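Notes follow once the structure below has been shown.
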Amino acid sequence: MESKSTLPDWASKPCIMGIDEAGRGPVLGPMVYGCLYCERSYEKTLSTLNFADSKTLKEEKRENLFENLKANELLGWAVDVIDPRELSAKMLKKIKINLNEISHDSASGLVTRVLNMGVFLTEVYVDTVGDPEKYRIKLSERFPSIKFVVAKKADSLYPVVSGASIVAKVTRDRALRDWVLDETAENMTRNFGSGYPGDPETKAWLQQHQHSVFGFPTLVRFSWGTCTAYSKNMVEVVWESDKTEEDGSSSSSGKRQLKLSSFGVTTSKRKNEEEIESSGKSRCKFFQARKLEQLANF
């Protein structure tokens, strides 16, 4: 998502940019990185636009400021919305990518995107993730022509970062508000609170919306430690190899093997079940919602 379809004239002059994120800590929803950029000579004017750390502003105020900056021809902005599934997949893969690395990559990606648009970036201000100096060196090595200022609480120190904070926060809030909960056709609610791990309403929502086989809806960052407490209620599924089935032997692990068909997952299909299978009845809502069909031949 980018603010300008055509590059404004001021973008060819020395420009500054601020970068900040929203939604790093919640167990629900995306993490959003936002940036705001403008001509360097416009920097003093930024301080008169009432931008501030988005966490200190009420939602209505943030929304108004976001609409104002979108309408401002002398400002540009962009966002990177990182889906909760992507966050969890990266953090749980064999070679894990931690949240700091994901954050660094997102910020770098925004710099690259704005540069590729043709904006003449000379200075970039970033709210730090991890050690500020190490982060600054990392960015400077990747973009040697740009001066980087990396600081704690940069969103309260530099108006251009405050503006980026508003871009990120409003984008995340809207993403949560418009999120489509389509994992099941019924019994899904939107009463998930703030999405932060310590919120009792969020905890209650997680408890009510876990599936014994498929885990949580796609809104949930299932790699978060908050979700670990619910794993004891999940079903353990043991997959037997084809060779074991052919040999007729049983598992030697001693673990109880559970039939997925008990949970509405079709593992085999008899001829007299074809009509039921084609109608989608008696199948887990997870498959119905995605219109997934059983694959018999590979």
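Each Cβ is built from the backbone N, Cα and C atoms, and glycine gets one as well.
Database features, via TrEMBL:
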{"type": "DOMAIN", "residues": "14-236", "note": "domain 'RNase H type-2'"}
{"type": "BINDING", "residues": "Asp20, Glu21, Asp127", "note": "divalent metal cation binding site"}
For the binding-site residues Glu21, Asp127, the one whose C-beta sees the most other C-beta atoms within 10 angstroms: Asp127
Averaged pLDDT, computed only over the residues in the domain 'RNase H type-2' (14-236): 91
Any further residue of that chain within 8 Å (Cβ to the Cβ centroid of Asp20, Glu21, Asp127) of the recorded divalent metal cation site: Ile19, Ala22, Tyr33, Gly34, Val126, Val129, Ala154, Asp155, Val161, Ala164, Ser165, Ala168
Residues near Asp20 (divalent metal cation binding site) in space but at least six apart in sequence (CB under 8 A): Tyr33, Gly34, Ser54, Val126, Asp127, Ala154, Asp155, Val161, Ala164, Ser165, Val167, Ala168
